[in-house]
Amino acid sequence: MPRSTKSSGSYELHDRSKEASSVALPYEISSSEQVGKIDKADKNASKTQASPGGWGEDLDESQYPSGLQFALIIFSLFISVFIVAVSQTVLATAIPTITSAFNSFDDIAWYSTGEQITAVAMQLPFGRAYTLANNKWTFLVSVIIYLAGSAICGFAPVSVVLIIGRVIQGVGMAGVFGGSFIVLARVTPLRKRSLFAGLFGAAYAIASVIGPIMGGAMTTGASWRWCFWFNLPIGAVVIPTIIFCLPDSLGRTSATLKDMTWKEIIMKFDPLGTGLLLTSLVCLMLALQWGGGEYAWSNGRVIAVLVVFAVTILPWMVLQYFQGDDATVPLSILKQRSVAGSNLYLLFLNGAFGVFIFFLPVWFQSINGDSAQSSGFKQIALCISTAVASIVAGGMVVALGFYNPFIIVGSMLVTAGSALYMVIKPDATLGMVIGAQILVGAGVGVGAEQANVAVQTVLPSEKIAKGTSLTLFTRLLGVALSVPVAQSVIQQELVKALGPSVAGVVYGDGGAPDLRMKLQTMFGDNTPAFQNALNGVNYAITRTFMLAMILAAISFPFGLLVEWKSVKKEKRAEEDQKERGGNPKAN
């Protein structure tokens, strides 16, 4: 029998004020017997809950954390999202120095994809962890894993150790990124959740853009190793905040889980499904990166990885079907209209955004001859517009109650901004360059976080963790798939524009920062031949923005699938009563 743990029935804040200690928080569980009752009730939750919205939605807002405690919780979550987002782009300016130190040019791709692939594949298993296990300690372990990976990278003596560290960072990133939004759902009333989700979206956008600037500054001023070491002092601040501010009973630990053996617990986390998913994703990304660029689609290597992708993803799908509600991705969640629409929306919209994050600096460096740091500064408009739009949209959803208009407008803005960049020329004015960035950033800012809130709004409380992890999985997957496709597009278009021999020279060692200089060396400065070659490179890069435009346009109809649900408590209760055919005023 699981041991019963006694609680005071309320959670005292650290200032131990009488007012705070007299309030029972919505995640308080006084005994393991209560946990068992909750688990039994969860089986029929979707039928019995007064509202299928976010966890704790039906409780008075005074029962949630407030004051200094709430501020510290949000601070720790915000900083956690920021550092894991920075890790995706911080190496952009440090890679040349790292490859020189390790003589590891062939390992460049693994410095980014090692973390990225692992983060995508582990997102869903962490969703299960947050569903079954204590949320506070799961989040804390995720932060520690991420920091351990950072330390390994920072002290790496050889390239292979750096890659191992990046893989470990990816595991931690999955738990931290998804956990931040799940914990947010536990400690914030649904009515206010859009505002703070927008704040987290702003953190992600800011970190993605300033990552290369930070990486360049640390590499130039100190050492490339500080691209990883800087996480450690930040973690030293975040960890105590998690320990002392998040309550021990955050989330629900299944009573059944407490009675299981370690082997049974491990099987509960679906190691077979995780292994199949990880293998299939690695093969798919390799195929997209190789096919049509480095190798022809008919090449044996490309065909081989596509075959492995097929023979691993199909068993994974079958496994998910037969596992029912115990699956990593339950069909009962996927069948929900808003969940399906939101995830497909995020897959394509974030795929479009990923193209801009990774290839807008390439345009600045290749066409304008900017340094990596300078190109980062020129993306400030994208960063600021995304951050401001995320926060403003979150506040407006709190005021209006509906997120659908922002989801729809988001697709339209990103499509328009991508279309402008698709036709941009080397002599484009600064106004056009900045204006297009503002459109793209504002579109992602108003749309992406609200799609995540939509999922949390329509799902019953016990499925929020899995639903949130699924949306974050599709967001990461969108970037992971669009970037190699865009890279392949550039390679193909460069060969068409410059010829195989010239394309191989100008886009070989050194990459984007040296491309303009190489063209000047080959064709002379500002000669007609140089201008023709530069226009060819410009055309190749802008084809990636056409890809972004297509992806953003595809996201639009999926945004229309999302149901119109109010996040306001009173309106939600009325809507749910109408759906069941009752009289809302009778209650």
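Here the Cβ of each residue, glycine as well, is placed from N, Cα and C on the backbone.
Note that TrEMBL annotation is computational and uncurated.
Keep in mind that this is a model prediction, so the values were computed, not measured.
Under the heading compositional bias 'Polar residues', TrEMBL lists 1-10.
According to TrEMBL, the feature compositional bias 'Basic and acidic residues' maps to 36-45.
This prediction places the mean pLDDT of the domain 'Major facilitator superfamily (MFS) profile' (73-567) at 83. Summarising the annotation, TrEMBL assigns domain 'Major facilitator superfamily (MFS) profile' to 73-567.
Residues annotated as region 'Disordered' in TrEMBL: 1-58.
Residues of the same chain lying 6 or more positions beyond the ends of the transmembrane segment (70-96) and with a Cβ under 8 Å from any Cβ of it are 64, 108, 111-112, 115-116, 143, 146, 150, 169, 172-173, 176-177, 179-180, 183-184, 187, 196, 199-200, 203-204, 206-216, 218-219, 224, 227, 231, 234-235, 237-238, 241-242, 245-246, 357-358, 361, 372-373, 376, 510. Sequence annotations record features per position, and here TrEMBL assigns transmembrane segment to 70-96 (among others).
Sequence annotations record features per position, and here TrEMBL assigns transmembrane segment to 139-164 (among others). When Cβ-Cβ distances below 8 Å are used as the criterion, the transmembrane segment (139-164) is approached by residues 80, 83-84, 87, 98, 102, 104, 107, 110-111, 114, 126, 130, 170-176, 179-180, 183, 225-229, 231-232, 235, 238-239, 242-243, 246 of the same chain, each at least six residues removed from its ends.
According to TrEMBL, the feature transmembrane segment maps to 170-188 (among others). Within the chain, the transmembrane segment (170-188) has long-range Cβ neighbours (under 8 A, six or more residues past its boundaries) at 26-27, 54-56, 64-65, 70, 73-74, 77, 80-81, 84-85, 87, 114-123, 125-127, 129-130, 135-136, 138-139, 141-149, 196-197, 200, 246, 250-251, 452, 456, 464-465, 468-469, 472, 476.
Look at TrEMBL and you will find 195-216 (among others) tagged as transmembrane segment.
The annotation transmembrane segment is assigned in TrEMBL to 228-250 (among others).
If you look up TrEMBL, you'll see 271-290 (among others) marked as transmembrane segment. Outside the transmembrane segment (271-290), and at least 6 residues removed from its termini, the chain residues within Cβ reach (under 8 Å) are 109, 113, 117-118, 120-122, 124-125, 299, 301-302, 305-306, 308-309, 312-313, 315-316, 319-320, 323, 327-328, 477, 480-481, 484-485, 487-488.
TrEMBL lists 302-322 (among others) with the feature transmembrane segment. For the transmembrane segment (302-322), same-chain residues at least 6 beyond its ends with a Cβ under 8 Å from one of its own Cβ atoms are 270, 272-273, 276-277, 279-280, 283-284, 286-287, 290-291, 295-296, 328-331.
The transmembrane segment feature in TrEMBL is assigned to 343-364 (among others).
Among residues of the same chain six or more beyond the transmembrane segment (406-424), those with a C-beta under 8 A of the stretch's C-beta atoms are 342, 345, 349, 352-353, 356, 360, 363, 393, 396-397, 432-433, 435-448, 450-451, 454, 538, 542-543, 545-546, 548-549, 552-553, 555-556, 559-560, 562. The annotation transmembrane segment is assigned in TrEMBL to 406-424 (among others).
Long-range Cβ contacts of the transmembrane segment (430-448) within its own chain (Cβ-Cβ under 8 Å, at least 6 residues beyond either end) map to 198, 201-202, 205, 345-346, 349-350, 352-353, 356, 360, 378-379, 381-393, 406-418, 420-421, 424, 475, 548, 552, 555, 559. Look at TrEMBL and you will find 430-448 (among others) tagged as transmembrane segment.
The transmembrane segment feature in TrEMBL is assigned to 469-490 (among others).
Within the same chain, residues 337-338, 340-342, 344-349, 351-353, 355-356, 359, 362-363, 366-367, 403-404, 407-408, 410-412, 414-415, 418-419, 421-424, 440, 443, 447, 451, 454, 478, 482, 485-486, 489-490, 493-494, 496-497 sit at least 6 positions outside the transmembrane segment (540-562) and bring their C-beta atoms closer than 8 Å to a C-beta of that stretch. Positions annotated as transmembrane segment by TrEMBL: 540-562 (among others).
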